[in-house]
Amino acid sequence: MAHSADQAPVPRRFARSGPLTGTIRVPGDKSISHRALMLSALCVGQSRISGLLEGEDVLATAAAMRAMGAQIERGADGIWTVHGVGVGGLMQPAQALDMGNSGTSTRLLMGLVASHPITAMFTGDASLSRRPMARVTDPLGEMGAEFNASPGGTLPLMVRGISPAVPISYRLPVASAQVKSAILLAALNTPGTTTVIEPVATRDHSEKMLKGFGADLTVETDADGVRHIHVTGPCDLTAQDIEVPGDPSSAAFFIVAALIVPGSDLTIENVGMNVTRTGIITVLEQMGGQIERLNARTVGGEPVADLRVRASALSGITVDPAIVPSMVDEFPVFFIAAAMASGTTVTSGLDELRVKESDRLATMARGLEAIGVDVEEREDGLVITGSGGASLRGGGPVATLLDHRIAMSFAVAGLASEQGVNVDDTAPIATSFPDFLNLLDRSTGAA
Ligand code: S3P
């Protein structure tokens, strides 16, 4: 499989654009797509998935599940069918599992392997090979799995799973849906009750989908608002037909673009509105962004709406750190909105951004400086003084450091710049949003 890291960089200049108009649809949710493939691959029988995100990250998950015995095919109609192996039935992969750029694939699959009697080697690109894995190997080690990581606890990393694994009760030291999910997935093939204690709520797609597939999962919220998630294994999962809603994290680039490019009036259809994901909409509305939710409905068990976004005068705000988990992936593009606002925007509590596909605080600060934005980098956030609606200066080149969301964020910045913005590499965009450039050209009238 070709990964962006293996490809030559694809630089591009994003020029100032006309308004974004019309109606677009963003691709399927990345988090839900990964989970749909993994859980289907653990059923006996055939599941069907429509709206699956066909980005490199999700394809890495599909390849890994195939390597462990599942039959996964894409029909000509775009519907994916999965014949699973059953919980407990994952097979020894013959080769290393290449995770490309995908932290979600890596961490969730480590959970699955941990409670199966198989050994798997996980490898990834340069970005993924710098990311911390101890956050998953610590709890999975308590369950009995063994790990042989590279120095620093990173990939390449060998997982030796165990069956039966030991159920644990684990309080999450970081707010991470990936760590939570790794433990819940390991629990499926672990006899007894495994509990994850989640002091700060993160995206709950794993819990919702596990229940939908018939796992024995319960959630209690204690008097302090702390969630206790219990899975009793071993569970049998029942094959499902799944419809994946559009990804709010992908929609965010178009939401910000439409807010900052004068005259824009853009409708984005079928966007997931799970409250654990919609912090970006809340903060943009607090800044004065006009974002209308139309046609609210349910798709695949998740709330969904069409969003009508109109160009708006934005005002700087201080972002409440409590909202961070519900917009953790949206800060790069949020910083572009802040750069166009009047006044100063202050963010804090963003330590986790330093261990994403790149150190997103440093990468965004350097990129914003390169295009003339007034930015101060702090230990756990950025402080940005915006242009008050005037075009950004632009320039660059901006270094994206194998980070898809950095590339897309500066593409959006270019649309509202005088000189355009040079992005050093757009190839990483294919990890999460392969059609991004076409859609951007189409909605700005450039195509
Ligand atoms: C994800 C969880 C988040 C997010 C990532 C996808 C998931 O990571 O940044 O893009 O699908 O569970 P953390 O849970 O590590 O914050």
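Using N, Cα and C of the backbone, Cβ positions are placed for all residues, glycine too.
Annotations in TrEMBL come from automatic prediction, not curation.
Binding of phosphoenolpyruvate is attributed by TrEMBL to LYS30, GLY103, ARG131, ARG360, ARG405, and within the candidate set GLN7, GLN46, GLN71, GLN178 the record adds GLN178 to that site. Residues 1-26 are the range that TrEMBL records as region 'Disordered', among 1-26, 261-286. In this view, the densest Cβ surroundings among the binding-site residues LYS356, ARG405 belong to ARG405, judged by other Cβ atoms lying within 10 Å. Recorded residues ARG405 (phosphoenolpyruvate binding site) and ASP329 (active site, proton acceptor) have their alpha carbons 8 Å apart, per Cα-Cα distance.
For ligand 1, the recorded positions lying close by, meaning a CB under 6 A from one of its atoms, are SER31, SER176, GLN178, ASP329; the full candidate list was SER31, ARG35, SER176, GLN178, ASP329, ARG360. In terms of local Cβ density within 10 Å, SER31 ranks first among the binding-site residues SER31, SER176, GLN178. Residue density at ARG35 (3-phosphoshikimate binding site): 24 other Cβ atoms are found within 10 A of its Cβ, drawing on all protein chains shown.
Between the CA atoms of GLN178 (phosphoenolpyruvate binding site) and SER31 (3-phosphoshikimate binding site) there is a gap of 9 Å.
Between the binding-site residues ARG131, ARG360, ARG360 has the most other Cβ atoms inside 10 Å of its own Cβ, all protein chains included.
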